[in-house]
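Annotated in Swiss-Prot:
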{"type": "ACT_SITE", "residues": "Ser44", "note": "active site, charge relay system"}
{"type": "ACT_SITE", "residues": "His45", "note": "active site, proton donor"}
{"type": "ACT_SITE", "residues": "Glu185", "note": "active site, charge relay system"}
{"type": "BINDING", "residues": "Arg49, Thr157, Arg183, Gly184", "note": "substrate binding site"}
{"type": "BINDING", "residues": "117-121, 175-177, 226-227, 301-307", "note": "NADP(+) binding site"}
Amino acid sequence: MIRMTLDEVRELAVRILRRHAFSEAHVQAVADTLVAGERDECASHGIWRLLGCIATLKAGKVSADAEPELHDIAPGLLRVDAHGGFSQCAFRLGLPHLLEKARSQGIAAMAVNRCVHFSALWVEVEALTEAGLVALATTPSHAWVAPAGGRKPIFGTNPIAFGWPRPDGPPFVFDFATSAVARGEIQLHERAGKPIPLGWGVDEQGEPTTDASAALRGAMLTFGGHKGSALAAMVELLAGPLIGDLTSAESLAYDEGSRSSPYGGELLIAIDPRRMLGASAEEHLARAETLFEGIVEQGARLPSQRRFEARERSARDGVTIPEALHRELLALLE
């Protein structure tokens with residue numbers, strides 16, 4: 001393993017992205033999310049993703065110099081056209097406008113269209129909670145996941161992220177795929193030659209498997225059976241047809257076998273609790289804290305607690321990167 005400081009991780013990411021002629025706006029936005037993944041010990045969304053970024057670029061499936069375009073479509077609605085660039089750059093452009101609309105209207109939604117997406121959603125919902133807003137974000141991906149009772153992929157991993165601001169300490173945040181696990185976790189098991197648990201995926205014949213490669217060729221499974229399947233369908237609708245963008249099946253067809261990152265849209269919703277509650281805001285937000293205390297007092301963890309603990313460790317001790325991955329990343333500089 002190679003130990004690196006967070007600054008060193010960021011410097012490496014920036015060098016690689018610049019080497020491949022990404023615009024400076026893309027360089028900074030993408031590097032920040034990759035560092036966030038490593039910092040929070042979320043390796044599936046860390047610097048390993050650079051391999052996919054560059055592969056997607058070489059396949060011609062992402063625009064390195066795309067300039068996102070903002071469309072103000074209603075008092076509580078806006079749209080950012082990523083023009084084929086990475087989602088992070090488009091999100092950054094739209095964020096201040098989403099904040100302004102949510103504070104003005106009490107609730108606002110932002111669609112990010114025609115973007116290439118690989119980022120963890122918790123990075124974005126945390127940006128909204130830092131501004132005191134309640135946040136919800138979701139996006140389809142490629143059709144990798146079979147519906148409950150089926151054997152062929154039709155859904156993406158279709159994550160859902162939620163954030164709730166808290167007066168002291170980190171926000172209440174969860175970000176999970178509606179599949180049993182993020183696809184990146186299976187890919188990391190494949191890289192390490194490790195078996196996956198039963199319930200993560202099936203092979204090409206629809207049979208349960210512990211072989212990571214077989215699951216990647218076959219289909220992933222939803223979490224919770226029909227419940228996860230219904231939520232996956234909801235994500236397809238909210239961040240696909242509702243915002244005029246692709247479903248996961250359409251994204252995979254657009255990919256044309258290049259194995260690039262998913263292409264499509266993302267939906268973000270921001271709610272200002274103080275506009276919703278008015279003069280009684282403090283009273284009701286305090287009741288939320290009572291709920292959280294009741295969870296923790298039982299010895300249970302709040303979602304993302306491990307990430308926040310990892311964040312403190314990484315700031316102090318740095319992070320570790322597998323040597324093989326480090327060599328692959330350095331090769332991208334050649």
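Cβ atoms are placed via backbone N, Cα and C, with glycine included.
As the structure is a computational prediction, the values presented were derived from the model and not from experiment.
Sequence features annotated in Swiss-Prot and their locations in the structure.
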| residue | record | contacts (Cβ under 8 Å, 6+ apart) |
| --- | --- | --- |
| His45 | active site, proton donor | Thr33, Leu34, Ala36, Gly37, Phe118, Ser119, Ala120, Ala182, Gly184 |
| Arg49 | substrate binding site | Leu34, Gly37, Phe118, Gly184 |
| Thr157 | substrate binding site | Ser141, Trp144, Val145, Ala177, Thr178, Ser179, Ala182, Arg183, Met220 |
| Phe176 | NADP(+) binding site | Pro159, Ile160, Ala161, Phe223 |
| Glu185 | active site, charge relay system | Ser44, Trp200 |
| Lys227 | NADP(+) binding site | none |
| Pro303 | NADP(+) binding site | Phe172, Val173, Phe174 |
| Arg306 | NADP(+) binding site | Glu41 |
Cα-Cα distance, maximum over Arg49, Thr157, Arg183, Gly184, record's substrate binders, Å | 16
Most Cβ neighbours inside 10 Å, all chains, among the binding-site residues His117, Arg183 | His117
Which listed residue (Ser44, Ala120, Gly184) has most other Cβ within 10 Å, given these are recorded positions = Ala120
Within 8 Å of the Cβ centre of Arg49, Thr157, Arg183, Gly184, which other residues of the chain have their Cβ, at the recorded substrate site?
-> Ser44, His45, Phe118, Ser141, Ala182, Glu185, Gln187
Could you tell me which three-state DSSP class Phe176 (NADP(+) binding site) falls into?
-> strand
